[in-house]
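Structure first, commentary second.
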């Protein structure tokens, strides 16, 4: 061997060992949305803390990002980039449902351990049930939408019917698949269980800028309250509801109200709006550990989102759990071993001596007692008071007219009361 | 037809070079080439109609979408095998496209462009509201059967398809028909005055373009394994197709391929440094500068370079 060859091979070995002496985490999600940034920043903070404590298995963790622009095809490209070009060990996702569904076949192909922090689509958990081997690397640490909806039906019975005395509802739903799905849950679940009559379902186009005629039509139905279903440009319908002082109560699902920026996004016209939200949400009292995470977050980042959305917490805790599982499984390469170790992760956070938040996963066999089905690899949740098994799958939050926000349901987590806007008699 | 032996030799060398790539480049690069191949197919399809005849279509995803949605619905909702659904999708694209877009060929210039754009928008709205149980509504469909698994297989499939389409289109354009189509782009009245049926020629161009778009769209959706209306009927998607054809060299067969590869690799190579949407700013700037510098595209620049080298050698 010549000296040149020896030097070259030594250099190559050096490069190879330097490249392998790190754990590579890939973030997949939108880099320009509050949702995507919440997951990214939660992951960044977890990695900083882990690295400061010596890393994982003696190796430092590095983070690479791939933007999906909330576009399905870009999501596929982004996952391929992380898998093939960056050769990441673990993927953390802040993708929306459609985008996750787009890259899922790639995850099944590459078998890279992956944690979804925002997507709640129950169909993905069904895939884990049907194909446990192919879906072994996949985990979702937000309660699936079926669990969200199940608890929301209780809100209808306990608050809307029992407390407010509402007997009938008119549904204002955006003309999307999301709108259609949630409307189905309301008409088939909420209404019959809570004993609330659905007077009419009004569907509006997502490009609607003037809601006055739609609110007039809703009023003319004579219903007691409006149930809105809005995920696109949600601040438009809610701010017009306030500005027009529509004389009916309005609750439902309003995605824009999930962030602390909602108040300024609506120009201060967001009072009275309530929406279901996964936990932790804005207005949700935090346990000391989560509060420290938020304090550190706000000290580190000075741009929106001012407070991480629920998926930021999911990323922060979930990434640490994924690394702990890797420590136990000897890395990420043995996917079955990692998956098994991840399934055992269980973080319990208490507040005032009460179990407040729990980050763990349903296993393959445990049947959830309320829905009577399994949720393997989905975040643990509790659908019944007193929530001593885990946190509820969702809470209902309400923005008040002074710009404050609080949890109004379930009662065990409530820090304010569900009230009608001042102009509704 | 003006065909020479070295034309075929060059095509053979091009194909051989492409098929050797899996031995040379990493899998990540192969994945990038797969997307470049599909963009090249769409750009060739666009160029067959617009680059040759001058009828600029802003609604090409309308055709791609018919192919993609037809096969997606057939396989997902009716369990039709892919081998049957793809030919049906191509047929559907040609028939559907003819019914809807053919009347638009009677109008010219910006009016034609606007009508095609409207068609794409109409399709975008329709798939969301008409039978969302079939189309998947705004969410689209996922879990579609995929034709291949793994980067290498996907590469071979997309490369074979792209080369077949490119070679067939090139052969077609070498015929008198191809010459007549290019003549329409230069002076439609003169072609009509020479006794040729311009309507019939445009019909052929449109049918060939629809065939390619339908085939590309159908295979693309079975490569991705999912389909979403927002990604497909997107104005950015239209612009990417058009820019690929223009930047590479409109009215040629190799031009759209060059443009598609250039754009796809530019975007992917920028990703590590600019992971967000800023990449598109650079991409837009580069495309603009290139097009302003040489409107005939990269193919012309390459030709100039070859001529200079030859002159230098002589």
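Yeah, the Cβs are placed from backbone N, Cα and C, and that goes for glycine too.
Note: TrEMBL annotation is automatic and uncurated.
Looking up the ranges B:121-149, B:237-265 in TrEMBL, the one annotated as transmembrane segment turns out to be B:237-265. Same-chain neighbours of the transmembrane segment (B:86-105): 55, 59, 62-63, 66-68, 70-71, 74, 80, 112, 115-116, 119, 199, 202-203, 206-207, 210-211, 213-215, 217-219, 222, counting only residues six or more beyond its ends whose CB sits under 8 Å from a CB of the stretch.
Between the transmembrane segment (B:6-25) and the listed ranges B:55-74, B:151-173, B:203-225, B:280-301, the one holding the most Cβ pairs under 8 Å is B:151-173. Long-range Cβ contacts of the transmembrane segment (B:280-301) within its own chain (Cβ-Cβ under 8 Å, at least 6 residues beyond either end) map to 236, 243, 246-250, 252, 254-255, 258-259, 262-263, 266-267, 270, 274. Long-range Cβ contacts of the transmembrane segment (B:55-74) within its own chain (Cβ-Cβ under 8 Å, at least 6 residues beyond either end) map to 42, 45-46, 49, 80, 82, 84-86, 88-90, 92-93, 96-97, 100-101, 105, 108, 112-121, 123, 127, 134-135, 141, 144, 202, 209-210, 213-218, 220-222, 227, 229, 232-234, 237-238, 241-242. Cβ atoms under 8 Å from those of the transmembrane segment (B:203-225) belong to residues 34, 38, 41-42, 44-46, 48-49, 52-53, 60, 63-72, 75, 82, 85-86, 89-94, 97-98, 101-102, 105, 142-148, 154, 157-158, 161, 165, 169, 172, 177, 181, 184 of the same chain, restricted to positions at least 6 beyond its ends.
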